[in-house]
Amino acid sequence: MGIVLFGCAASNGNNTGGDTAKANEHYEIWNSSVDARVPNMLKYKVDSVSFPRSLEKDGVTRKRPSKDWTCGFYPGSLIQMFHITGDSIFLDQANLWLPYVEKEQWNAGTHDMGFKVFCSIGEAYKVSKNKHLEEVLLQSAKTLSTRFNPEVGCIKSWDFGQDRWTYPVIIDNMMNLELLFEASLISGDSSFHDIAVSHAENTMQNHYREDNSCYHVLDYNPKTGEVENFLTHQGLNVNSVWSRGQGWGLYGFTMCYRYTKDERFLKHAQKIASFIMNQPNMPEDKVPYWDMHAPKIPNAFRDVSSASIYASALYELYTYTNEDAYLIYADEILTSLGNEQYVLNNIDAPFILDHSTGDWPKNDEIDTSIAYADYYFLEAIKRRKSLEINM
């Protein structure tokens, strides 16, 4: 049974046990449709084992403990809203969740440390520079580093599925490198930086096809470092274009350039961006199908989470290149996602966006609200507003 804290934190930093009036105030996040979802985000009850992950078909929130890879996105979304609005109510509410994420710093059985810890505790640390949060981040980076094999040059992704692979590395893993880069800056320990660079270099060399699309899963020989197989776990097939995977790569290599200023990573991010932006099957509103080779296009399910990731990454990429095409494309995405077509409507649940596709091969989390779509959407809004350029 989880530990439950009723209500939300008020702006003065005190937990009032249910300040619904404060939660129902109007906050300007993006537009009226998006802003209308904010009370639902704020009034969700704090519970140690009930991090909101997605919306079930019956409208009930799917809740997960901190071991789930998505646990960091809801508190992280609250922190993004703090950045957008400047109102501490969002930061206060996020901080109530952080103690229940902290134990993941010791979880060596997952590569998702960045998603879980950095998107929540890492984002909170950027605001407060709290020493305790710093210690959690450093331990999380140490734990993640234990999954690195120098022969392979990459961090191992999964421990399950040994009947399918031996040393799987998935494109998603690029997103967890931010934790290592930050840990290196905080601690001065270059080993974290070196692991992240090695992983990025090998992913750039091995995960990408000639057209700059990527595979989802590579299976390495842990003794020789050779790639033994190319697979997928969430795409249509091994050679298809799983949309969220393309987003993980775009975001990941853009982020790697931020920390390294290595032109190879910047150029690779630009190649990925060009591939995404020139997809012949891309819908006019720039919200991709879950897989760009999906058989039922144009009636295939969309994936709003992919669009959110694209937008956030493209805004950052724009800051390094001043390429107007990135800004324009990301603006088109944000405009689309803010439309009523994609905003969750009339459901009491802690989500903003609808119509994401989680795991199509397993028929799980299809055409629904998912926490990471909101996180990257809000981060994209934060980044767009920081540009101070009119849309």
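Cβ from N, Cα, C; glycine included.
ASP112 is the only one of ASP92, ASP112, ASP324, ASP331 that TrEMBL places in the substrate site (with ASP172, THR232, ARG244, TRP248).
All protein chains considered, the CB of TRP248 (substrate binding site) has 23 other CB atoms within 10 Å. Taking every pair among ASP112, ASP172, THR232, ARG244, TRP248, the residues listed as contacting substrate, the largest Cα to Cα separation comes to 18 Å.
For the pair formed by THR232 (substrate binding site) and ASP112 (active site, nucleophile), distance between Cα atoms is given as 18 Å, rounded to the nearest Å. ASP112 (active site, nucleophile) is 9 Å away from ASP172 (substrate binding site) when you measure Cα to Cα. Annotation note: TRP248 (substrate binding site) sits in a helical segment as assigned by DSSP. ARG244 (substrate binding site) sits 16 Å from ASP112 (active site, nucleophile), taking the CA atoms of both as reference points. A straight line from the CA of TRP248 (substrate binding site) to the CA of ASP112 (active site, nucleophile) spans 13 Å.
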